Amino acid sequence: MTERTAPSGHHTWWWLRTVAYVVLCVFMSVSGVVFTRTAEATDGWSMAANFLGLLAALAMPVTLFWRRRAPLAVTLGATAVALLLPIGTSTALVALAGLVARRRGREVWWTVAAVTAVTVVSAIRDVAGPTKDTSLFKQVFAPTSLGGDVPFELSWWVVGIWVVVFLAGAVGAGLVLRSRREVAVASQQVVEVSETSGRLGDQLARQVERERIAREVHDVLGHRLSLLNLHAGALETRATADPELAESAKLVRESARSSMEDLRSLLGVLRHPLGGEPAAPALTLVDLPTVIEETVTTGVPVSSTIFLDGAEQAGPTLSRAVYRIVQELLTNARKHAAGEQIRLSVSGGPVTGVTIDARNRYLGPVQGPAGHGLQGVAERVELLGGTLVYGLDDGGRTFRVTVQLPWSTS
């Protein structure tokens, strides 16, 4: 069970309540000593006994400040002192209530039995005083008109009833406090379960929405890409007389097929965002020349340098991110600087991480609505804990993008 820090208001109230308990127990303990002392005693032993009784009556109630930290020790200590000295069991009864509230088990009920026995002994010792001046019980229950030095017999059933009331009150108060604590803990657990259920409900709703989006994307884009692949294949077959047209048709058909594979991979991630396996084969850093070659076949001049140490050991998350980032940077450059040369550099390894540097000639602000290329790159870089820097370079003539990613094998 986790321990929770009580609010400051509750803590202040506990201290005030404890101070009240201490004052009450000091009064009861001192009263017990006063009414059972040997008033006429002049010998050293009797005076020492009276002094120790008063000292214990003042000191033992103070231990109630530790009843929360060590309830068993405080209860047993107060019980033992009450057995040896006539200070009564008021301190032991208050500590017993705290013990019952905070502990369970056989030791608690053995302690209840010990406090009961010592309470009975204390009552018998008090009632043994023949007069009101020598018995706290007789001082309370004897007629007010009776003189303090007149012998008086108090019925044992009256004493027994009050002993039972004191013990039942202490144990009952402890059980009530325990029940309140358990109800508070149960309420907190209900709140936590409700919050967890709410989060799971939100996750389920998002997953249902992802499934719906995945079906829509598959039905719409999947159908159109299939048609594009089909017509490109037919055009490639008929364009035997025109090699350039046949090559372009082949490129369209292969791009459509690759797009279908990417779409399946994307739908797999969309349906299983917490670790679902992509439908397409996992991309690796070794596959980087493929995406560069696809760009070159479209007629875009690319000057590339790839130097990666331990590319085969790179994790699938890093490999996929590097592949998609390079793909997006090439697409961006091809879109915004059509026909201009792209200079691409990919380097790194387990020690330095992976650095991607892409440059192309800057042809001015983008005409028409801007895309989301660099935004997608930024999101991938952030997920991997890397850095992204982009902007104009070389006196405003070159647009440059630099990505730094930490190495990962997972």
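A Cβ is built for glycine as well, from the same backbone N, Cα and C atoms used for every other residue.
Residues 6, 50, 53-54, 56-58, 60-62, 64-65, 67-68, 85-88, 90-91, 94, 122, 126, 129, 133-136, 139 of the same chain sit 6 or more residues outside the transmembrane segment (12-35) yet have a Cβ under 8 Å from a Cβ within it. Residues or ranges marked as transmembrane segment by TrEMBL: 12-35 (among others).
Look at TrEMBL and you will find 47-66 (among others) tagged as transmembrane segment.
As annotated by TrEMBL, transmembrane segment applies to 72-101 (among others).
TrEMBL lists 108-128 (among others) with the feature transmembrane segment. With a threshold of 8 Å between CB atoms, the same-chain residues lying at least 6 positions outside the transmembrane segment (108-128) that come near it are 32, 35-36, 72, 75-76, 79, 82-83, 86, 88-89, 92-93, 96, 99-100, 135-138, 154, 156, 159, 162-163, 166-167, 170-171.
Annotation source TrEMBL lists transmembrane segment at 154-177 (among others). Among residues of the same chain six or more beyond the transmembrane segment (154-177), those with a C-beta under 8 A of the stretch's C-beta atoms are 89, 93-94, 96-101, 112, 115-116, 119-120, 123, 127, 135, 137-138, 141-142.
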